[in-house]
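Take a look at the structure below.
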C-alpha cells in the first residue's frame with residue numbers, strides 16, 4: 001500500500017513541475033528561451049489579470065450588476081494571487097520542495113528494521129487518505145467550476161465566457177466572440193487548475209509528514225517493553241532521535257514557503273469572502289451563484305487549515321507518548337538520553353504565517369470572522 005500510493009503522489013507532484021516547466025519542449029541551448037519557459041504561466045495570468053482589472057476599473061459602467069462586480073473582483077484577486085503562488089512554488093521554493101520530496105521517497109522505500117513496519121502502517125494509511133482526498137477535491141472542484149462560466153454565458157447571451165471583456169477587440173471583429181468566450185473560459189479553467197494543484201501540493205506534503213510522525217510516535221511504545229538485548233533501549237532511542245530530528249530538519253525547509261504561501265492564500269480568501277457578501281446583500285437571482293462561490297471558498301479554506309491542525313496534533317502526540325513510555329527498566333544513561341529527547345520534542349512542527357500565527361482549524365473561524 002505504501003509503495004503504491006507513494007508512487008501515485010510522487011508522480012502527481014513531478015507531473016505538476018514538468019507541466020509548469022514545459023519539459024515536453026526540447027531545450028535549444030539558448031538561456032533566454034530555456035529560462036523563459038518558466039515565465040509562460042505567469043505571463044498568461046498577468047494578461048488575464050490586466051483584462052479583469054481593466055474591466056473592473058474602466059469598462060464597468062455601473063455597480064448595478066452584482067454578479068459582474070463580485071465575480072470580476074474575485075477573478076482579479078485570484079489571478080494576482082495565482083501569480084504569486086506559482087512564483088513562490090516554482091521559482092522561490094522549488095529546490096526545497098524537491099529536496100523534501102526526495103526525503104519522502106527515501107522514507108517510503110526504506111527497509112529500516114525499526115520503522116519499516118510502522119511506516120507501512122501509518123505512512124501508508126496517510127498517503128492512501130491523501131490520495132483519496134486529493135481526488136475528491138479535484139473532482140468536486142471540476143464539477144462545480146463550470147457553473148460560473150455557464151452563468152456568465154447565459155447572462156451575456158453567449159457573447160462572453162466570464163463577466164469581463166478582453167480589451168482591444170472591437171465588437172464587430174470576428175475574433176470578439178471566440179476570444180471572449182473560448183479564450184476567457186480556457187483562462188478560467190487554467191486558473192482553477194493551478195489554484196487546486198497548489199492546495200493539493202501542500203496537502204500531500206503535510207500528510208507525508210503526518211504519516212512519518214505517527215510512525216515515529218508508534219515506535220516510542222517499544223520503550224515500555226522489556227529489553228531483548230543489552231543495548232535495546234539505547235538503539236531504540238537513537239533511532240527515534242535521528243528520525244525525529246531528520247523530520248524536523250526537512251520540515252524546516254518548508255517554513256519560509258509555508259509563511260509566504262499561507263500569508264497570501266489566506267489574505268486572498270478573506271478578500272473573496274468580503275466581495276462575495278455583495279451577492280447575498282442583494283438577495284436576487286444571482287443568490288445561487290453566490291452559494292456556489294461560497295462553497296468553493298470554504299472548501300479551499302478547509303483544505304488549507306485542516307492539514308495544519310493535523311500536523312500540530314501528531315507533533316503533540318509524539319511529545320505526550322514519550323512521557324507515557326518512560327521506563328524504569330532503562331539504565332541511567334538511557335534515562336538521561338530519553339529526558340534529552342523529551343526536551344527536544346518540545347519543538348513541535350506547525351504551519352505558521354504572518355498575522356494569524358499557527359495555522360489550525362481555528363484559523364478557518366478567524367478568516368471567516370474577518
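Cβ atoms here come from the backbone N, Cα and C positions, even for glycine.
What TrEMBL records for this protein:
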TRANSMEM  38-57  transmembrane segment
TRANSMEM  77-93  transmembrane segment
TRANSMEM  133-154  transmembrane segment
TRANSMEM  185-208  transmembrane segment
TRANSMEM  262-281  transmembrane segment
TRANSMEM  287-311  transmembrane segment
Problem - Dominant neighbour of the transmembrane segment (77-93) in 38-57, 133-154, 185-208, 262-281, 287-311, by Cβ pairs under 8 Å - result: 38-57
Problem - Considering the transmembrane segment (38-57), which listed stretch of 133-154, 185-208, 287-311 counts the most C-beta pairs under 8 Å - result: 185-208
